[in-house]
Amino acid sequence: MDSMVNQKTVLAVTDDVVLPVSSVLTVMEQLGKERFDPFIITQASTINQFPLDSSSVDAVLAISKISDFPSDKICGEFSRILKPGGTVFVCKTLEGQVEDMQQTIQRRVTLAGFLEPQCLDLKSIKFSTFSLSFGIKAKKPSWKIGSSFALKKPAKILFKVNLDDDLDLIDEDSLLTEEDLKKPQLPVASGCATTKKACKNCVCGRAEIEEKAVKLGLTEDQIENPQSSCGSCGLGDAFRCGTCPYKGLPAFKLGEKVTLSRNFLEADI
């Protein structure tokens, strides 16, 4: 009774026409699987779906002589009929380009949802009609499709800053010299350049110009930059209008600074 309870169900498939039961038993014993009831399907490359219920077998053994078997679709069928945590074994009898074929089989079982694909050396297993070169072992996840798990939030890691008390810190104030600490002195403005009018002790000649401008009724802008509204101020009194501010002054070129001779305002008598 106990042997019946512990007996495993194994599906053995091949792309060949015949697969002896003795060969299946030998391979499974070498792979560490005992007490199982094999169910064999030959010419499995032509089958789209295995006549088995989902999650009904404990292990799958695929023995193939061609590179296209098992295909991606067949690997998907292996995942469907295997129980959660079941194992799939893909054994090849090919010679040459073993590494490329191993990578191809590993990719197929991985895309089918199997975990932890491993390479197996099966060269020691030989039969009268064929011999195995390598195998791939993979495991179906123990969880079922649609299962949900609570994800634990990772604990927040606070960065710690280790301060070395013995570390010599430089005082920024110690880097300053006595010259740096002195308050800069602004230059003292002097002379007529910083005032609107000539200073009391003017020596630059500005006081004389302002005095002449007051006597003639001219502004400082008129003296510095003479302009004419009629266009005839610079030609002389013969061409100036009656209200021309330059009346009595000699002719000049427009845009030039008007200069007065020293004896211009002196009385003739």
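In case you wondered, yes, glycine gets a Cβ from its N, Cα and C as well.
Record features, source TrEMBL:
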BINDING   Cys192, Cys199, Cys202, Cys204  [2Fe-2S] cluster binding site
BINDING   Cys230, Cys233, Cys241, Cys244  [4Fe-4S] cluster binding site
DOMAIN    40-89  domain 'Methyltransferase type 11'
DOMAIN    194-260  domain 'Anamorsin C-terminal'
REGION    230-244  region 'Fe-S binding site B'
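Rounded to the nearest whole angstrom, the C-alpha distance between Cys202 ([2Fe-2S] cluster binding site) and Cys244 ([4Fe-4S] cluster binding site) is 30. Cys199 ([2Fe-2S] cluster binding site) counts 15 other C-beta atoms within 10 Å of its own C-beta, drawing on all protein chains shown. The candidate set comprises the binding-site residues Cys241, Cys244. Of these, Cys244 has the most other Cβ atoms within 10 Å. For the binding-site residues given as Cys202, Cys204, Cys233, the lowest number of other CB atoms within 10 Å of the residue's CB is seen at Cys204.
Within the model, the region 'Fe-S binding site B' (230-244) carries an average pLDDT of 74.
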